[in-house]
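Copied over from TrEMBL, here are the features:
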- 25-47: transmembrane segment (TRANSMEM)
- 41-287: domain 'G-protein coupled receptors family 1 profile' (DOMAIN)
- 59-78: transmembrane segment (TRANSMEM)
- 98-120: transmembrane segment (TRANSMEM)
- 141-164: transmembrane segment (TRANSMEM)
- 205-225: transmembrane segment (TRANSMEM)
- 237-258: transmembrane segment (TRANSMEM)
- 270-289: transmembrane segment (TRANSMEM)
């Protein structure tokens, strides 16, 4: 690999979230507490959906996969970030950096496509209820799940392939707390203008189009439910509102990071922290807190084990 792209850099030094030791300690404690509270909640959602025979609808199937993707996504950055907070020298190998970048975009791309699938599911359930069970059958759900995993893989492998072709001969300091495309590209010993355009097209345009498409789809759904009964309208509005909140949490930071030229902004690290650690863990919890069926199932599961 090094002989093909003239890479001589063996490791990258991560400058971290902040240089202040007091601020590092504060963020470490807050992120650790958040991580230890919310992460088990994600696994509880997965366990509840798996064990409760009443939660077999496609909505819960995809919600369980969302919780799994988000929990996996948080493992890419958060544990290493917490360890680095306690380390004087924050170093990641070249191969480790590429691996982290691959899984970051593999799972992130898959989650973005999963939200598209969930929007389609809600459209069929609310706007085409008579065709819902026929279209969203178990085989179709598994096919959609396979497609989104494949889509995430293709998206990520393009990112990695473009970066592997770049020469890295120094400097090797990444101004972030993890490896991501914008910071890594800037360290290449060559003109990266074309690569940056390709990256913006692959990540930024995909993120923006998914975001706009999702907003448009939920606008159509909300327009269609205006004439529904009060109970059906209330439930549809609640579901769609939840999905829209998660869409903004997922795609807002992604649009900020990837749809512009790779220049550093003061807010980049804070946005990246929420994008890679905070929001992924919150997404399934937001869905659960606004879903009466899942909340009731969690309570039943909890009460059974307490009894």
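A Cβ is built for glycine as well, from the same backbone N, Cα and C atoms used for every other residue.
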Just to confirm my parser: what is the rounded mean pLDDT across the domain 'G-protein coupled receptors family 1 profile' (41-287)?
87
State the residues, same chain only, that lie 6 or more residues beyond the ends of the transmembrane segment (237-258) and have a CB under 8 A from a CB inside it; answer 'none' if no residue qualifies.
108, 111-112, 115, 118-119, 122, 180-182, 199-200, 203-204, 207-208, 210-211, 214-215, 218, 221-222, 225, 267-268, 271-272, 274-275, 279, 282-283, 286-287, 290-291
When you scan the chain for residues with a C-beta under 8 Å from the transmembrane segment (205-225), skipping those not six or more beyond its ends, what do you find?
109, 112-113, 115-116, 119-120, 122-123, 126-127, 155, 232-233, 236-237, 240, 243-244, 247, 251, 254-255, 258-259
